[in-house]
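Visitor: I am attaching a structure below and will ask some questions about it afterwards.
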Amino acid sequence: MQIVVVGLSHRTAPVEVREKLSIPDQAISESLKSLRAYSDILEVSILSTCNRLEIYGLVKDKNIGISSIKEFLSDYSQVNCEVLTPHLFDFRQEEAVLHLMKVSAGLDSLVLGEGQILSQVKKMMRLGQENQSTGPILNRLLSQSVSAGKKVRAETNLGTGAVSISSAAVELAQLKIGQDNGIDGLVSLKGEKVLVVGAGRMSRLLITHLKSKGCNKLTLLNRNIDRAINLSGDFPDIEIICKGLDELDKSITLSSLVFTSTASEKPFIDLERIKNISLNNKLKFIDIGVPRNISNDVKQHDLIEAFDVDDLEEVVSRNQEFRQKIAKEAESLVKEERIIFLEWWASLEAVPVINKLRSDLELIRKEELQKALSRMGPDFSARERKVVEALTKGIINKILHTPVTKLRSPQSREERQASLKIVEKLFSLMDDEQK
């Protein structure tokens with residue numbers, strides 16, 4: 001068995017490819033079920049964010065397992081495998097383990113050290129367990145990866161001042177507005193006519209950062225207006241006007257800066273829609289949804305500038321140099337966690353031998369105890385029998401302690417296999433085919 005990962009990210013694929021493979025929360029269960037239907041995939045889990053889709057699997061054969069996952073991705077996205085493959089990466093065993101831990105720590109993020117990815121890995125673990133698609137191996141890997149992410153953030157300054165996708169989007173708006181006014185740097189958003197479409201987690205973060213950059217009034221649109229109203233209640237210091245999506249066109253005409261972050265699977269703002277709206281001023285769209293909420297063709301309009309998540313690199317590169325230095329320290333911590341996981345997994349090789357040894361010794365204990373008790377006669381009380389029973393169990397546990405500890409201790413594969421063979425031979429644990 002081997003652990004593999006197949007996926008794509010902002011490093012390997014542009015947003016127009018990533019959005020075709022984005023798996024929304026409501027489709028995760030069915031996708032996990034489809035992946036588990038492949039006979040060579042024993043355990044599987046899916047990580048789907050705006051910047052990456054990664055599928056982790058415990059497979060019988062690494063090459064067959066990777067091919068199966070690629071086949072699933074092609075079927076799901078309706079993109080031919082030959083077209084898709086150049087954008088995919090795959091890692092096996094040690095590299096796959098290290099990759100997940102680096103992802104969890106924020107070391108592979110567009111925004112180095114961003115914190116949201118850790119909660120996304122936690123959700124990945126929860127969904128795998130709820131759908132019973134993960135087992136002891138992936139559950140342990142995911143749990144240890146979460147621990148690695150927490151450790152990096154606790155023991156280094158990697159996350160200090162780290163921007164998120166949402167804060168990078170707000171900074172991009174500041175930069176572009178500044179450039180329009182001949183200013184090289186970040187400008188206040190006070191006075192900007194801001195529209196936020198969507199009322200989920202990303203929109204909450206957007207409003208938080210908009211507030212910190214001077215925005216004191218905005219319009220919030222959502223399909224479910226009650227959700228928008230509930231979100232606005234968390235920001236009493238900002239004037240937030242809540243509306244339904246049916247007022248999108250009118251709201252756009254009253255805005256100078258529009259952020260979109262919804263779970264829509266298709267763009268709902270395109271050039272045709274914009275042409276039917278009477279725009280009176282220049283307008284900036286910043287779309288952080290994946291799949292994208294805004295069609296690329298809106299850029300053809302003379303009054304519109306449109307940006308998506310791939311355009312955030314301009315902001316991210318401004319403050320990456322400092323965290324790149326800290327990332328080296330963080331990566332050493334992650335590699336330590338990888339070693340701990342791999343040693344644990346290697347120790348599982350000893351479990352069948354340990355279980356057989358325990359089983360054989362328990363059988364001997366029971367047989368010899370029964371012989372002894374039968375010689376004691378009826379005068380031997382039930383309480384005394386319990387004492388003797390506990391005594392014999394304690395002796396067996398004492399005998400097993402040293403060999404079991406040795407078999408489970410960190411050692412090379414060759415050393416462990418040699419130890420296992422010695423134990424099997426000394427205690428006659430081998431079956432007839434092995435002898």
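Every residue gets a Cβ built from N, Cα and C, even glycine.
Got these off Swiss-Prot a minute ago, pasting:
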- T49, C50, N51, R52, S109, E114, G115, Q116, Q120: substrate binding site (BINDING)
- C50: active site, nucleophile (ACT_SITE)
- H99: site 'Important for activity' (SITE)
- G198, A199, G200, R201, M202, S203: NADP(+) binding site (BINDING)
Visitor: Other than its own, how many Cβ atoms are within 10 Å of the Cβ belonging to R201 (NADP(+) binding site)?
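Guide: For R201 (NADP(+) binding site), the 10 Å Cβ neighbour count is 13.
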Visitor: Under 8 Å Cβ-Cβ from M202 (NADP(+) binding site), six or more apart in the same chain: what's there?
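Guide: Those within reach of M202 (NADP(+) binding site), by Cβ under 8 Å and sequence separation of 6 or more, are C50, I165, S166, S261, I288.
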Visitor: Give the sequence-ordered set of same-chain residues, not counting G198, A199, G200, R201, M202, S203, with Cβ within 8 Å of the centre of the Cβ atoms defining the NADP(+) site.
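Guide: Along the chain, the qualifying residues are R204, L205, L206, L231, S261, T262.
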Visitor: If you measure from the Cα of Q120 (substrate binding site), which of the recorded positions H99, G198, A199, R201, S203 is the nearest?
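Guide: Ranked by Cα distance from Q120 (substrate binding site), first place goes to R201.
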Visitor: List the other residues in this chain whose Cβ sits within 8 Å of the Cβ centroid of the substrate site residues T49, C50, N51, R52, S109, E114, G115, Q116, Q120, in sequence order.
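Guide: Filtered neighbour residues, in order: G106, L110, V111, I117, I165.
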Visitor: Around the C-beta of Q120 (substrate binding site), how many further C-beta atoms are within 10 angstroms, looking at every protein chain?
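Guide: Step by step: centre on the Cβ of Q120 (substrate binding site), count other Cβ atoms within 10 Å, giving 16.
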Visitor: Within 10 Å of each Cβ, count the other Cβ atoms and name the one among the binding-site residues G115, G198, G200 with the highest count.
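Guide: Highest number of other Cβ atoms within 10 Å: G198.
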Visitor: Return one of helix, strand or coil for Q120 (substrate binding site), based on DSSP.
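Guide: Its secondary structure by DSSP: helix.
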Visitor: Taking the Cβ of T49 (substrate binding site) as centre, how many other Cβ atoms lie within 10 Å?
Guide: 21
Visitor: Just the number: how many Å between the Cα atoms of T49 (substrate binding site) and A199 (NADP(+) binding site)?
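Guide: Given the Cα positions, T49 (substrate binding site) is 17 Å from A199 (NADP(+) binding site).
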Visitor: Between the Cα atoms of H99 (site 'Important for activity') and G115 (substrate binding site), what distance do you get, rounded to the nearest Å?
Guide: 17
Visitor: Where S109 (substrate binding site) and R201 (NADP(+) binding site) are concerned, what is their Cα separation in Å, rounded?
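Guide: Rounded to a whole number, the Cα-Cα distance is 18 Å.
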Visitor: For a quick check of packing: other C-beta atoms within 10 Å of the C-beta of H99 (site 'Important for activity'), how many?
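Guide: I count 23 other Cβ atoms within 10 Å of it.
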Visitor: List nothing but the largest Cα to Cα distance in Å, as a whole number, among the residues T49, C50, N51, R52, S109, E114, G115, Q116, Q120 that the record says bind substrate.
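Guide: The two farthest binding residues have Cα atoms 15 Å apart.
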Visitor: Could you give the Cα-Cα distance between S203 (NADP(+) binding site) and G115 (substrate binding site), in whole Å?
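Guide: Their Cα atoms are separated by 16 Å.
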